[in-house]
């Protein structure tokens, strides 16, 4: 199916099949469509609402075209990532959590990008921390296999996305592509925590990942609007495990945490986010640093559970708490900085 035929279908509020969506996405991602066609397609999809078949088709093409990271094993390798777009502008919780997860002995293949709508994306934060981002897939694999953690910069691994960049920027609205990033990890991880900007996406994205072969995934959205587990409100979870999807609410108290306001956790940019994370992963000298630490523990614990590194959510949170207080997570961040600095010298020689 070509994009003109797809537009005719979408105008009539008719869904595309998975194969039809694959055809259209392949045309978009290989530069065969005009910016006007891409913009119209994205807006039409949003107005119609994307079906599970359509998302599966789009994700499968993005995965095919990605510059993949080949790891020695995917057993228990986890990603913790969000769609963004929640408007809260709190510090980089999932990126900070990744270092706690790795310090707990669980392998992390972190996928992320620069900020689109927020103040600090995962790439912005890591760059502020002195971590070199422009790695080849082989270099990323060496980080992950050697240190237990590595970062895959989305724009490096999904270069075909450049064809949709202009229309996405000009539209200035959430589109299909906002939900594709967390579903297209270049290492092909089977364990994830995926935060989404609306509860309505939790079950559908769990079903998408089920169809694409994921093993254990938590798709989450908190009642206060965050695309991650929140200290301030219940969090809705669609959990894929043993090829079954279950849905439930989790209160912070269910996991041994105290409910509290998120006041003081919003940041104006990556440097402010880094300073808060340094406090949270270090001595927690400030009230906000302590609160940030608890937010990190909550989300890192969920990822340890998704990775099957803990038997229950509560056990994952307890393990994350113990690890954070050792200071090993901050050391892991510094290790990654030193490791990638060697690659920077190699790449720029």
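Cβ from N, Cα, C; glycine included.
Feature annotation from Swiss-Prot assigns 5-phospho-alpha-D-ribose 1-diphosphate binding site to 82, 85-86, 92-95, 110-118, 122. Residues or ranges marked as anthranilate 1 binding site in Swiss-Prot: 82, 113. Sequence annotations record features per position, and here Swiss-Prot assigns Mg(2+) 1 binding site to 94, 228. The anthranilate 2 binding site annotation in Swiss-Prot covers 168 and is backed by sequence analysis. The annotation Mg(2+) 2 binding site is assigned in Swiss-Prot to 227, 228 on the grounds of sequence analysis.
The shortest Cα-Cα distance between residue 94 (Mg(2+) 1 binding site) and any of the binding-site residues 82, 112, 113, 168, 227 is the one to 82.
The closest partner of residue 227 (Mg(2+) 2 binding site) among the binding-site residues, by CA position, is 82; the full candidate set was 82, 95, 112, 113, 168. In terms of C-alpha distance, the listed binding-site residues 82, 92, 113 place 113 closest to the residue listed as 'anthranilate 2 binding site'. Counting every protein chain shown, the number of other Cβ atoms lying within 10 Å of the Cβ of residue 82 (5-phospho-alpha-D-ribose 1-diphosphate binding site) is 26. Reduced to three states, the DSSP call for residue 113 (anthranilate 1 binding site) is coil.
Looking at 92, 94, 95, 113, the binding-site residues in this record, the fewest other C-beta atoms within 10 angstroms of the C-beta turn up around 113. A distance of 11 Å separates the Cα atom of residue 92 (5-phospho-alpha-D-ribose 1-diphosphate binding site) from that of residue 228 (Mg(2+) 1 binding site). Rounded to a whole value, the Cα-Cα separation of residue 112 (5-phospho-alpha-D-ribose 1-diphosphate binding site) and residue 228 (Mg(2+) 1 binding site) is 15 Å. Across the fold, the C-alpha of residue 82 (5-phospho-alpha-D-ribose 1-diphosphate binding site) and the C-alpha of residue 228 (Mg(2+) 1 binding site) stand 7 Å from each other.
Here the Cβ of residue 228 (Mg(2+) 1 binding site) has 25 other Cβ atoms within 10 Å, regardless of which shown protein chain they belong to.
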